[in-house]
Amino acid sequence: MDIILASSSPRRRELLARAQLDFTVMSVDIDETPQDNELPKNYIERMVAAKAAAAVQQLNDTVETSKDNLAEQLIILTSDTIGVLPDGQTVLVKPADREHAYRMWQQMSDNTHEVWTAVQATHVSLVSTHTHTENHESVFQVVKQQQITERTAVTFIPLTTEMMSCYWESGEPADKAGGYGIQGLGAAWVSRINGSYTNVVGLPLSQTLALLKDILDTGTH
Ligand SMILES: Cc1cn([C@H]2C[C@H](O)[C@@H](COP(=O)(O)OP(=O)(O)OP(=O)(O)O)O2)c(=O)[nH]c1=O
């Protein structure tokens, strides 16, 4: 079964490549705006499912021209990373602008938040259906989907306005949940983590491999 990583995150690509698996990558674009008072669990589960649905739709939009290059059974991997404040309710996403980043960082300063990454593995199969004109049409249909969510606690040192200003200017925070990258300059703000490091970077690697193994095992029985 072929694996598709449906993500435009270079970090996820790089992490999955470390497992020396064969996989291809496609980008999906969805609206990632949290709903009012949406709980972290609901938000993150909705995101990975929506990314998977967008990937299936994208495959089906081009299936007639690309099916010679596609396996009939595919596993699509989608993932989403958020920060969660100690209240267990506040979701930290990518900063919309500098002020948004500062607001998040003020709440994370000298405090411990959690980073949650959800991963969904979606097994799809190419099936041939009859159309009303008696023609055949091929579409990918979902056979099975499984999700996991991994949580890592991250403690920040006390932050000053000057530190926040310098960091924002670096450009690193813009495309990252909670407005920091532990794999980059953001490491200087982290005094301690408890849990998976790769989870913070965007893909909990060992847990993702276990999820893949699980869905591959059940798919072939
Ligand atoms: C906390 C943290 C997040 N991040 C990143 C991981 C995710 O890529 C990003 C959160 O945004 P996501 O929406 O999870 O992912 P994405 O938009 O980058 O990619 P795609 O939806 O196409 O898969 O924040 C880091 O790189 N380092 C960190 O320390």
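Cβ atoms here come from the backbone N, Cα and C positions, even for glycine.
TrEMBL entries are annotated by machine, without manual review.
As given in TrEMBL:
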{"type": "ACT_SITE", "residues": "Asp80", "note": "active site, proton acceptor"}
{"type": "SITE", "residues": "Arg11", "note": "site 'Important for substrate specificity'"}
{"type": "SITE", "residues": "Thr81", "note": "site 'Important for substrate specificity'"}
{"type": "SITE", "residues": "Gln183", "note": "site 'Important for substrate specificity'"}
Of Thr81, Gln183 (the recorded sites), the residue whose Cβ has the fewest other Cβ atoms within 10 Å: Gln183
Can you tell me the three-state DSSP label for Gln183 (site 'Important for substrate specificity')? coil
Per-residue Cβ crowding (10 Å cut-off), top of recorded positions Arg11, Asp80: Asp80
Return only the integer: C-alpha distance in Å from Arg11 (site 'Important for substrate specificity') to Asp80 (active site, proton acceptor). 12
Euclidean distance between Cα atoms of Thr81 (site 'Important for substrate specificity') and Gln183 (site 'Important for substrate specificity'), Å: 14
